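Summarising the annotation, Swiss-Prot assigns domain 'START' to 1-212. Feature annotation from Swiss-Prot assigns N-acetylmethionine to MET1; the stated evidence is similarity to another entry. Residues or ranges marked as 1,2-diacyl-sn-glycero-3-phosphocholine binding site in Swiss-Prot: TYR72, ARG78, GLN157. What Swiss-Prot lists as phosphoserine is SER139.
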Amino acid sequence: MAGAACCFSDEQFREACAELQKPALTGADWQLLVEASGITIYRLLDQPSGLYEYKVFGVLEGCSPALLTDVYMDLDYRKQWDQYVKELYEKESDEQMVAYWEVKYPFPLSNRDYVYTRQRRDLDVDRRKIYVVLAQSISAPQFPEKSGVIRVKQYKQSLAIESDGKKGSRVFMYYFDNPGGQIPSWLINWAAKNGVPNFLKDMVKACQNYHKKT
C-alpha cells in the first residue's frame, strides 16, 4: 500500500504493536464499555472535544492475520460488505494516496464524509508477525466538502493484527473521530457498543467470502 510516510512515524507503528501485546490502559481513566463475543471495548473521555477515544481488543476466529489485513485494506471490496458505505475510493493527491469515504447516517441526520491517508506495514517484532494499519484525516483541496454532508475533520485509527496461535487473529484497534454536528447520545452509544463489534463480525464474514469476489 502506498501511504503517506511523512504522516506516520516508526514510533506510532511500535505503539500499536505494543498495545497488541500489553494493553496500555493505566495512567488514564480508561473505562470498560462492553465485553461480549470475544470483543472488549474501552473508552476514554477526550476533554477538549467532550467525545470518547476507543480501544478495542479481541480475537476473530477463522480469519488469518494476512487475510484480515488484505480485506481491511481493500476499499473496493468493502463497498460490497459494509452496509454503511455510501462512497469509498482512493486516488493520488500531492504524491500520496488519499482515501475519500462517505458514511450513511440514519435519517434525519446528515451523512458524514472523511478524507484520510493510511499506511500499512507488515512487521516482525520479537519473532511475531504483526500487521499494522494507521489512518488519519488530512486536508486535501482535491476533495471539496459536499452540500448536505458533514466533513469529519478529526479522525484517527490504528489497527494491529497477529495470529491467535490457531487459525484466527488477535486484534487491537484504536479509534477516535469527531463527527461534528449534533449527534444523539443514543446513536453514539449504539455505535460504540454495537457498531464496532458488528463491523468486526462483518469483516470476518467478508474474509470468508474474499476468495469468491473475483
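Along the chain as shown, the residues are counted starting at 1.
Backbone N, Cα and C atoms are what each Cβ position is placed from, and that goes for glycine too.
Within 8 Å of the centroid defined by the CB atoms of TYR72, ARG78, GLN157, the record's 1,2-diacyl-sn-glycero-3-phosphocholine site, lie the Cβ atoms of MET73, VAL133, ALA135, LEU159, MET203, excluding the listed residues themselves.
The Cβ neighbour count for ARG78 (1,2-diacyl-sn-glycero-3-phosphocholine binding site), using a 10 Å radius over every protein chain in view, is 18.
Close to GLN157 (1,2-diacyl-sn-glycero-3-phosphocholine binding site) in the fold, though at least 6 residues off in sequence, lie VAL133, LEU134, ALA135, GLN136, MET173, TYR174, TYR175, PHE176, each with a CB less than 8 Å from its CB. The Cβ neighbour count for TYR72 (1,2-diacyl-sn-glycero-3-phosphocholine binding site), using a 10 Å radius and every protein chain shown, is 20. For the pair TYR72 (1,2-diacyl-sn-glycero-3-phosphocholine binding site) and SER139 (phosphoserine), the Cα-Cα distance reads 23 Å.
Classification of TYR72 (1,2-diacyl-sn-glycero-3-phosphocholine binding site) by DSSP places it within a helix. Less than 8 angstroms from the CB of SER139 (phosphoserine) sit VAL115, LYS153, each of them six or more residues away in the same chain.
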